[in-house]
Structures are given as C-alpha cells and as structure tokens.
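Quick look at what Swiss-Prot lists:
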{"type": "MOD_RES", "residues": "SER241", "note": "phosphoserine"}
{"type": "ZN_FING", "residues": "35-61", "note": "zinc finger"}
{"type": "ZN_FING", "residues": "62-89", "note": "zinc finger"}
{"type": "ZN_FING", "residues": "90-117", "note": "zinc finger"}
{"type": "ZN_FING", "residues": "118-142", "note": "zinc finger"}
{"type": "ZN_FING", "residues": "143-169", "note": "zinc finger"}
{"type": "ZN_FING", "residues": "217-234", "note": "zinc finger"}
Amino acid sequence: MQEIIASVDHIKFDLEIAVEQQLGAQPLPFPGMDKSGAAVCEFFLKAACGKGGMCPFRHISGEKTVVCKHWLRGLCKKGDQCEFLHEYDMTKMPECYFYSKFGECSNKECPFLHIDPESKIKDCPWYDRGFCKHGPLCRHRHTRRVICVNYLVGFCPEGPSCKFMHPRFELPMGTTEQPPLPQQTQPPTKRAPQVIGVMQSQNSSAGNRGPRPLEQVTCYKCGEKGHYANRCTKGHLAFLSGQ
C-alpha cells in the first residue's frame, strides 16, 4: 500500500550515490592487507578500478564455487588473488574429510558438506559398452538399462531425451589406460681404448684387494701394531697408561 500511495523508488539519496561511486574511500596504507570484511569493488566488476592493490574493497575475479578452508581459519594470505571463495556460504563449503573418508562425522554442527558416497560413483564405461571384466568388484556403477532399438538400427528421433539407453562404444582414455610410449633404443656407445684400460685396471685392483697384513694394522685402543682393536687384550684405556 505504501508503494502505491507514496512510492520512493525514483528517489535516490545522496548516501546511496556515495556508496555506489565509493566517494571518500581512501587507499590502503600498503598492498596485501586483509579485506575479507570489506565490500566488493563495483568499479573492478566493470574493469574500471585504477587503485589496483591499494583499493580498500575486494577484487573478485571469476566464479568461485568452493569456500577457502584457510580463510575460515583466518590463515589465507592470498587475499583477492585466492582462487577460492572468501565468503561464508553453506552451499559452497568444501567436502568434510571425515565423512568422505570414514562415512561418518561426529561433529553435529559440522560446517562442511556431507556428500553421499553413492552420488560420487560414476557409471562404468566398460559396462555401458557391453562387458566389464571386474564384474561386481568394479568400483564404478553397473546400471542395467534397456537399449534403444532405433539407436542400434542407426538413428533415434528422440535424441538425448530418449528414455532408453544409447550405448557408447568409445572409451575414455585415462591416465592408467594410456598405451605405453615406445622406448627409444639407442646404439651402444663406443668407449675409447684409454678409458677401457683405466676401468679394467681399476676393476682388477679392486678385485685383488684383500685384507691388509697384521704388520700394517695399528690398534686404536693401545696404539700398537700387529692386531685389530677387537682382538686387543689391554683394554680401551691402555693408551692413557702407556701399558
């Protein structure tokens, strides 16, 4: 009734004009400050903001579908450059880790999304093609459908809206199903005769190396020659007494 008798839709207050044009908005002291509680910059949405990183309002670019989990804890350092949403929206919260991992969550007021595991299972492309070797152990969904006879003949007038199944004979090429790349066979490289001689001499010297004679062995416990430290009978403090 008030809109009929005295409509004020055509009246625009000075405060509304000041808010739309961001009059009196001072630039930030330094870039990179937290602007999570500020409003969205209207000029940035129109690609007309000249303040850049010093703008006191938020610069939101693109469609962000998931809330930033670090912003919820006040730990996000990316600010407007974050690829996730800095806004508390229950419909865009990330998935609950405990519910997705264990199938249950003990927090009755959990702010994260509890997604049904059945809804995340995709249809098996092999089963839709006709046969899946994994059978009931397949991690994908096996759904029985009635094949469209018209589609098998060659053409279905219903198209995608047909209530029967239109089988797809092509398979998605996953990362694990890609054919192995052919390995390049390189011819054996020929080594110089000098290098071969050095390597043979090193191998022969290493193969002929045996235990050193006891005359060259010095015991680190007593300091005498002729036996190893594990065979010393004078004790580990014999070098202090000079015995």
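Residue numbering: from 1, along the chain as shown.
Each residue, glycine too, has its Cβ placed from N, Cα and C.
Since we're looking at a predicted model, the values are computed, not measured.
Helix, strand and coil counts under DSSP for the zinc finger (90-117) come to 10 helix, 2 strand, 16 coil.
Per-residue pLDDT, averaged along the zinc finger (217-234), amounts to 79 for this model.
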